[in-house]
Structure formats: C-alpha cells, structure tokens
Amino acid sequence: MSLQEQINLPKGINSREKNTGEVKLHRQHYSSRLHLYTIPPIDEITIEEFESFSLDRLTVLKEFEATILRNKSDKESKEYMNQVLAQYLPLHTNLSSEAYPIQQERRKDHISHFILRLAYCRTEELRQWFLKYECALFKFRFINLSASEQLEFLKENNLNWKCASIFLDDKEKSEMKEQLTTSSPHVNFASETFFEVDFEKVLDLVKRRVVYIKGGKAYVPMRDQVALVMDEFRNRLDKTLKDTCRALPEVDQEGQVMPILNQLNHFKSGQGYSCSNKIEGQITADDIDQLTEHFPLCMRHLHKKLREDKHLKHYGRMQYNLFLKGVGLSLEEALRFWRMSFSETNDDQFQKKAYAYNIRHNYGMEGKRTNYSPLNCMRIITNNQPGEGDHHGCPFRHFSEANLSHTLHNAGVTDKVQIRQIIDYVKGHHYNIACTRFFELTHGGSKEQGMMAAINHPNEFFEKSYQSSQESSLGNK
Amino acid sequence: MESMEIDSQQPTSTEDNNQAFVDQLSANEKLRIFYQRFFPYKPYYHWLNYETSPTKAFLNREFSFTLPNDVYVRYQSFKDAEELKNELLKEVPAKIDIGAVYTMRPKDKKFSPPNSFKPIMKELVIDIDLTDYDDVRQCCSKADICLKCWQFITVAIVIIDKTLRGKLYDFGFKHLLWVYSGRRGVHCWICDDRARKLDNDGRKAIISYLAMIKGGSQQEKKVFLSRPFHPSLERAYRIVDHYFTVLALENQDVMDTPERWTKLLKCIPEEAIRDVLNEKWETTPSRDSTLKWDDLMQALQNAVYLPGKNISKEVASKRAEALETIKREIQFQYIYPRLDENVSAHINHLLKSPFCIHPSTGRVCVPIPPDDFENFDPTKVPTVSTIIYEMSQWNERHPVQSGERKMSDYEKTSLKPYVKYFEDFVQEVLKDARIRRRAAQQRTMEF
C-alpha cells in the first residue's frame, strides 16, 4: 500500500488543480528547477493547498530520514527516493516541458519549502532536523542535475563567480599534478578545472579524505563542487531558519496558520494504518504507535515509558524488542524504531552502549547467533525481576494494587466491580487469567468471563486483538 | 618514618634533610606548593587570553576542577591569573580541565536565559593514549608505559604534527602545543585562530581525515586502503615504514606466539597466503618477528602468480599492487596513530590542562618541544616531589643576598626548560594575535 493512500492525500498534482483554480493572482515564473530558496513565495494559496503541499514535502523529508537511518545501499536508496520524489515532489527539467506541469511543480516545491520553514523554525531540535533533511533533499536533486544545469544553477546564484576567481592556472595545475590525481582519482585530470578554497568550505570532502589539501587550502575539482554548494545551502538555510523563528509571531496575525503548523511537526508518515497483510513482515517502525491499542498491558507500559523517557533499560528493551519482532517488525525496522525512539541519545552513545548490538543480538545476528523467540508470560512473570528504573515485567504481577487499578481504568475498564474482579485474580496469583479477563472486557463481545482460553503469551494477546479488530471492521462493511 | 631513623644514625647532610622534608609532605601539600610556587600563571594566562589585556577568551573560558575528594566541579571561570591562582590555592584541585570559551561567563551559566549559553571557541585538541594500543603492545599494558611502547606515541606525534603544521603540509596550522598527559599519553592543543573557530563539523572532518584505524576488538582487520594513496597517506606511510621494523618487529615482537601471529595474519584476506605462513611458522615457531616478516613479504611476492594459472603482465602488476596494499594495511594497523575521536569532535569537550600534576605518577604535564619529539623521555619528566626537592637544595646553596634579582622558583628546578619552551610558544601566539589585530584595525581605517 502506498504512503499516499495511508495519509489519504489526493493523488498527483493534476487532481489538485481543481482546488486551486480560483486563486491565480501573482503567479511567479520559475525559470530553473532548483533554487536556494532565497526569495519567499508571493503567491496566494488556499488552505487546502497549504496543507497538502506541506504534507507532501514532509513525507519526502521523512523518507530521507528513513533511508538514512536504514543505511541502505546508495543504489537502492537512490532508486527508492526517485520514486518518492516523482510521487510527491516531482521537478522536471525545462526540456521535458509540455507533458509535465513544470511551473506548478516548481511552485509547489517553492511554497512547501517555505511552509515547512515556518513549522520547523521554532525550536533548535526542529531546526536541526529540518536542516539535515532539506540538505539531503537538495543534495540528491543537485547531483541528479545535468552538467549544464549545474553550471546554470551556479551562475544564477552567483556561486560560480565565487570560485572562478581562484581557479588554478595550467602551470599551478601541472605543478600539483601528482597530488591532485591521487587525491581526486575519480576525475579526468586533463580536462578538469580545479579551484582553491579554504578547507572549511568543503568539510565533506576533507572528512572522506578525497581532496588535496595544502596549507589549509583545498584544491577542488569542478566535479566535486557539490560540496561547496551544499555548504552555501546549509549556511543560508541555517541562518534564515533562525530569522524566521524571530519573525514568526508576525506571520500569523489571523490565527489561521498556526494550528496547521502545530499539526505538521507532529505528523508522522504511516498514519491511519489498517492493513492486515502488513502483519507478516510488512510492519514499519512508524506503525508501532498505531498498533499499541492491540498490545497487552505489559507492552503498552513499555511503549509508554519509551516515549516518555526516550530510553528503556536493558531488560525492558529485550522484552519489548522481542515482542515487536513477534509482531512482525524486521531487524532493519527494529533498528530504525529504537534509533528514533532513543531520540535524546546521540549516535555515538547509541553505538557505544551497544544498543544496536543488543537489538541485532535479539534477532540472532550477533554473539552466539541464537534466534530468540519473544518471551512468554511465564518468563516475563518469573525471570529478571524488575529493579530500580526498570519497566519490564508483567503489570498484573509487578504493579501495586493501586497502580494496577489505575492502569486498568485508563485502559478502558471503568467498572469498579470488574476491576475488583481482576485484582482478586491477581491476589490469587492467577496473573494470566487476570490478563485474559482484561482482554475480554476490552474487546467487546464476551462480557461473560471464561469464554476464551487463558492467554499465555503477549504475542497471542496481540494477534487475538488484531484479528478481532479486522473481523469487526469487515463486519461493519 | 624509615628515613627519619636513618637520619638520626648518620651525620645529616642537606640532601638527606631536604629529601626528608619532601617525603613527609602529603600529596595535597605538594600540590599546594606547586600551585603556590611553580605553576606558570603569567604565560598560562596569556596563552588562554590570546592577548595581554583581558579578553573574553579568558573571562568566558570554562575551567573544571577535580577536587581532592573526587568531587567534580564544572563551569568555573576567572577574571584573571590572580583570581585563578587564589582559587587553585583555596581548592587545591587534583586536576584542572580546560573547556570552551562561551557566550558568557561560565560561572554565570545558571543565571543565563535558556539556550543563550553556548560554546563559541576552543582550541582544536587531540588526545592519544597508550591504552588504545593494548592489542599491539606487549611490553606493558593498561596504565604502565616504558620507552619501548612510548615509541607508538612518538610515531603518532610525528605523523599528526606533519599533517597539521605548516604551509607545506595539509592544514597549515602554526601553533601546536604538544603536552605530556602525565602518564601514558599526549595531548595536542592547536591554538591558531582558525582552529579555535572550527565548529563541531570542522573538528569531526579533520579528525576523520586523520583517523585510519576503524572498528573495535570484534573486527580483526582495522585498516582498509585504496589506490591511489592520498598524498597525506603516502607521507604517513613513509613515517610508518621508517619505524615499523624497530617498533613493531623488534621491540614488540608482534608475531612471537601463534596467537599473536594468527592475529596479524587475519589482516590478509587471502586464505592461501595465511595457510602457507601458518604452516611454516608452526614448524619453526621460534623465528623472531623480523624473520617472520621477511617470510610474509616473500609469501606476498610469491602470491602474485597464482599456481597453475598463466596471467598477463598487466594482471600480475595489478596483483602486485594489491598485495603491496595489504602490506601497508598491516603496517598501518600496527603503528599508525590511534585517536580518541570524541575528545576532538566536540567544541565543548574538556581536556586536562597543561601543567597539571598527574595524581598517580606525580609527574608534571609538561609541553613537549617539537624539535625534540624523538628524544622525549616520559620517565625523565620531573615529578612534583623532584622539583620541590631541587628548589630546597638550590635555596640551601644560594642564601638570598640583598640587591640580587629574585629568581622564580621554577628556574631552580628541572621544570625550567619546559616553562621556558611554553613561554616562547605563548610569545609566538601573542605575536600572531597582534598582527591579526593590526590588520583588522587597518581594514576598518581604510573604510
């Protein structure tokens, strides 16, 4: 199922034309495909467009985030991102004109960038996120331009002029021949033009040791100027984001825009999940939030704490990760899920603390390579008693009575008599029956107890709950 | 106590008296004497201030203290050298760390509006520690060092210094201060204006440009080179090759036991070559590493031509190149510098200050003059006890005479050359700052 269907957005740009038909004032003309977004749009725009443009761009940025987190091969991600871009934010060249609405494509690209700028300028965290993935998007597009388009772009933005003054002449070039050819082996030395910049301007090349540096100057082949362009793009956007933040209070004097902006930064791709074939290995990290309503209390609790603390201790991670594996989360998606969930942990710590290792370990990819199964109720109840700061275990076994009542109440068991009944099972050490009763009470149908066999595994709880929701949604149709 | 008893039996000399005086001092008392009499406040202040008149570079600089009771106090800052001295004498910290220059005084951090307290400048720093070489050194481990394994540090300094310093080489920095960390490592403080202004991305880029050894203990082969070799790696290789025989083969005997040679052989991706060598060495395990290295070179050469296959000259030379690359990778893996990348990558990372006293060795964290890397001997670095003793000795022999210039206490001790070098270093830094200031003034006058 496509993302587009999941978010319920209209398809393609043409279908949207109808909505925008009445607003045709101040149409800007876009002569080139790509720009540094220095001038804001002076267009009028409908609220619908405002919303759909920004959601489409956000979907693209989220997809960039996902591909980077997933660590896919370059070729694989390139193919995938090309598809995503074609669907949500296409930008065709001047040559391909006629068939494609290139002016509308460019308008959408332009406007959506500026809307998200508004939505993502408000905190340092949001700014950093937006900057990172806008840069990824820009770089992806710039590299895909033809050589002549790149040149055109540099001219138009005065970037070409910037480096033109410090081109190496033939003598300098030949004096450095050996160093230049070994530093930039991917270029054709004879026909290539090199220019000189401070190494700080091309950090990406320095980092990968693919440029010749001498005395603090980097000697960059034209072919690698994308590094320079990226530096320019990043710096400009970084600065304007901060400016936008300061100006934000004046932007929305009518109070129409803010509510949408607020929604935007809570948006996650993959909302409205409702597809049964996903369960078999098709679940993505983005689906977990929607699925929690089918989770037993132990897993809901772990999920809640993970969201609150942006962290879970070792046994909590193990219990929850193995459960999610049973639900159908692939290793790749599990890594992504945990990486995103530990949002306050930086990459270094995430590696150092062996979080990623443990996740792979659970999937049998590390150490003695046992492919671990999800823990059953018996093990959750009896092994590894939770200690200070731990959130794993079984709520029926490890929660205080007051705490459990409260949790049950929040989970939808509001009848005091029913809560009492569950607490009585707990007191008699019948934790599984208590959990099963909780299932019955929260899944319509059997208000009478004892209609179903006791649940002995958290994944069993999930599957039953999930199935029953599928059946009832079919029944309703 | 023991030395006191000896004193009572023998005629007492001034040497014995002074030694006895030093011996009865507690660590804390020695530290206090050091902060009172030896710490080079003036050049130290000028260094971190980058001018002679007060600037934000010093005022807004973070200092952190490790107090004698192991309490760690962050975000200290001082008005000038005098205030720093008073605080050092009051707290007698076991360790001083230097952090970044912030947007405001670190001691006012708690009064600052959220998000306004930010690091803006710091020297680029590099941290090298012999514990990171534990898998390749066998003379010592953990905290211990000797001259044999110190050579790893020498190689690291030579390679990194070359890459960073001077117009002829890569980064063109001028003011590199190498400092002995007091036990088993060195720090480098790169003090150029340009280095101090680097953001985290700039720091990460430089450090990743330098770093070659990748992967933890779970990964046997840690270096991967690709042809053609980048000029900086070609240069580094010449240094690596120069030291490799003595350092890795003779001193560390890196292939002496089956376990250790197996480890080295794991850097060779071709099983056939590994098997040949393994077989040979199992029958003659006592061949030392130098001979085994010759065997290895021979095996690589023999492997150019695959048995039973007739290959063209072109293919043969390609194979020879690939095998040569393997040789270089092994040499790099064993002696190329190993850096603590985290210390360098973040502008606000703290690093132990020069002229601290190492709490367990008592050695002074002295700067290492760049013309003398090769001869620097960490075991000869003065300890706090030595210099107190030397000062007492000198004072006994030279009773104060009126009218004579009062000598600084450090000048009476073996600390002198190190302080002298530090002063010269700081003078150069100040000179550059003056030139920069004048140029800036001129520019504004022109406008």
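Glycine is treated like the rest: Cβ placed from N, Cα and C.
TrEMBL annotations: computationally assigned, not manually curated.
Copied from TrEMBL, the annotated features are:
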DOMAIN    A:292-462  domain 'DNA primase large subunit C-terminal'
BINDING   A:Cys298, A:Cys377, A:Cys394, A:Cys435  [4Fe-4S] cluster binding site
Reported mean pLDDT - the domain 'DNA primase large subunit C-terminal' (A:292-462): 84
Sorted by sequence, non-A:Cys298, A:Cys377, A:Cys394, A:Cys435 residues with Cβ within 8 Å of centre, [4Fe-4S] cluster: A:Pro296, A:Leu297, A:Ile380, A:Ile381, A:Pro395, A:Phe396, A:Arg397, A:Tyr431, A:Asn432, A:Pro458
Intrachain C-beta neighbours of A:Cys394 ([4Fe-4S] cluster binding site), sequence separation six or more, cut-off 8 angstroms: A:Cys298, A:Cys377, A:Ile380, A:Ile381, A:Tyr431, A:Cys435
Number of other Cβ atoms within 10 Å of the Cβ of A:Cys298 ([4Fe-4S] cluster binding site) across all protein chains: 27
Per-residue Cβ crowding (10 Å cut-off), top of binding-site residues A:Cys377, A:Cys435: A:Cys435
Three-state secondary structure, which DSSP defines for A:Cys298 ([4Fe-4S] cluster binding site): helix
